[in-house]
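Participant: Next up is a structure, given as structure tokens.
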Amino acid sequence: MAGAGGGGCPAGGNDFQWCFSQVKGAVDEDVAEADIISTVEFNYSGDLLATGDKGGRVVIFQREQENKGRAHSRGEYNVYSTFQSHEPEFDYLKSLEIEEKINKIRWLPQQNAAHFLLSTNDKTIKLWKISERDKRAEGYNLKDEDGRLRDPFRITALRVPILKPMDLMVEASPRRIFANAHTYHINSISVNSDHETYLSADDLRINLWHLEITDRSFNIVDIKPANMEELTEVITAAEFHPHQCNVFVYSSSKGTIRLCDMRSSALCDRHAKFFEEPEDPSSRSFFSEIISSISDVKFSHSGRYMMTRDYLSVKVWDLNMEGRPVETHQVHEYLRSKLCSLYENDCIFDKFECCWNGSDSAIMTGSYNNFFRMFDRNTRRDVTLEASRENSKPRASLKPRKVCTGGKRKKDEISVDSLDFNKKILHTAWHPMESIIAVAATNNLYIFQDKIN
């Protein structure tokens, strides 16, 4: 049922259940700001899972081989490598601090034994090589094993260095640093399907880079007006098409998505397609423009659809139909009546991400109170689940949660007034081939999988 591609009925139902697998991170009540997870990303095979945090660290988990001796063993994720990707900096020209927080991580397809990933903070993108060493050279002529020079008068024979086995060591080394190309904060990076180029987007510009060239990039989108007082929208997310290397999309704070073709011109100021849903005038309010701002855009694996996340909903668009989305899934419609208080505590500006499962049949996104939502596109069923340590026994099934908006509250329901808005799930990731999901809840990383009966 859950087969390759993470299909089945992942949004719930009698024949499909999600169960707890692992949780990573400290249990502390007082969470240090630096430990808060800011991005989560599986690699192309799903064997590696990377997280970045506000302290500039990247932690990579590797999936262990399945244990045939243990019943229901699916292969757990354990720490593979941890390294400091970015450090805090200071821009002396603008008197601005540059945070070390990792905004995005993107894996490159594996070409050899090593793994490569891109990580970015607000200003600088880095290409990292993750490689293993289990052998070391011994028997040098001029140096001892500890690196000291040998006495030339004691060298009586020529030695041929040999490789000796050693304990496995995982090294993370920065291979490229792409800097000084963004005036504003970088919100997106996306690797092209040609595996040679990638884009980076900030509030007003999108740049195209070659992975081998660090000292120059091409500006492919520039929406900065001559007079900044005329600025009406900013770029919120951007992504390359998974198969067509000339096509990319970017979303805006006005709730629109532009699809651009780099073959048409060097500067993609004119879009090839423009996706926008007409607004219902009767529902317009002070908050309409804020909640329509798109916080994430993701192409489906097939390249036929794209998904956008705004504050209250997830929309699925057919690339051949610009006028309206083919699907709209309400994530937490019960918050519409709370927009005023959410505006006052700044939660209305939270940027939720979204992701597809491997077969594009289901989508997942986060909410408040450590809830996350799943929508099955085939059955139209949806479910609300919770990432909580209270339900963290191995293979414990996740019980669907319900939020009630008023009137009598049933035993298993939670009132909208008692939701904890400090507990929010902004970042989630779905294994590219199996029903395994990773959910970041503050400083904890939860891993869930489909239950094998």
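Any Cβ shown, glycine's included, is placed from N, Cα and C.
Pulled these features from Swiss-Prot for this protein:
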type    : residues : note
REPEAT  : 32-71    : repeat 'WD 1'
REPEAT  : 97-138   : repeat 'WD 2'
REPEAT  : 181-219  : repeat 'WD 3'
REPEAT  : 230-270  : repeat 'WD 4'
MOD_RES : SER285   : phosphoserine
REPEAT  : 289-327  : repeat 'WD 5'
MOD_RES : TYR305   : phosphotyrosine
MOD_RES : THR308   : phosphothreonine
REPEAT  : 344-385  : repeat 'WD 6'
REPEAT  : 420-452  : repeat 'WD 7'
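Burial and contacts for the listed features, if you can.
Facilitator: Sequence-distant neighbours of the repeat 'WD 1' (32-71) (same chain, 6+ residues past either end, Cβ-Cβ under 8 Å): 24-26, 77-88, 99-107, 109-110, 115, 117, 119, 121, 128, 130, 172, 427-434, 436, 438-440, 442-445, 447.
Restricting the average to the repeat 'WD 2' (97-138) gives a pLDDT of 93.
The repeat 'WD 3' (181-219): residue composition by secondary structure is 0 helix, 17 strand, 22 coil, according to DSSP.
Within the same chain, residues 187-188, 190-194, 197-199, 201-206, 208, 218-224, 276-277, 289, 292-303, 306, 308, 310, 317, 319, 351 sit at least 6 positions outside the repeat 'WD 4' (230-270) and bring their C-beta atoms closer than 8 Å to a C-beta of that stretch.
Close to SER285 (phosphoserine) in the fold, though at least 6 residues off in sequence, lie LEU339, each with a CB less than 8 Å from its CB.
Proximity of distant same-chain residues to the repeat 'WD 5' (289-327), defined by a Cβ-Cβ separation under 8 Å and at least 6 residues beyond the stretch ends, is recorded for 236-244, 249-257, 259, 273-279, 333, 335-336, 339, 343, 348-356, 358-360, 363, 365, 373, 375, 377, 432.
In the three-state DSSP classification, TYR305 (phosphotyrosine) falls within a strand. Less than 8 angstroms from the CB of TYR305 (phosphotyrosine) sit PHE299, VAL316, TRP317, ASP318, LEU319, VAL326, ASP360, each of them six or more residues away in the same chain.
A simple way to gauge crowding: the CB of THR308 (phosphothreonine) has 25 other CB atoms within 10 angstroms, across all the protein chains here.
Counting only same-chain residues 6+ beyond the ends of the repeat 'WD 6' (344-385), those with a CB under 8 A from a CB of the stretch are 4-7, 9-13, 18, 236, 287, 290-291, 295-296, 298, 300-302, 304-305, 307-309, 311, 314, 316, 327, 329, 331-332, 335, 398, 400-403, 414, 419-421, 423-435, 437, 439, 441, 448.
Same-chain neighbours of the repeat 'WD 7' (420-452): 1-2, 4-8, 10, 16-26, 28, 31-32, 35-42, 44-46, 49, 51, 53, 61, 72, 74, 77, 301, 342, 345, 347, 350-358, 364-372, 385, 387, 389, 395, 397-398, counting only residues six or more beyond its ends whose CB sits under 8 Å from a CB of the stretch.
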Participant: In the same chain, who gets a Cβ under 8 Å from the repeat 'WD 2' (97-138) while lying at least 6 residues past its ends?
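Facilitator: Sequence-distant neighbours of the repeat 'WD 2' (97-138): 38-45, 48, 50-58, 60, 80-81, 83, 85-91, 145, 161-179, 182, 185-191, 195, 198, 200, 209, 211.
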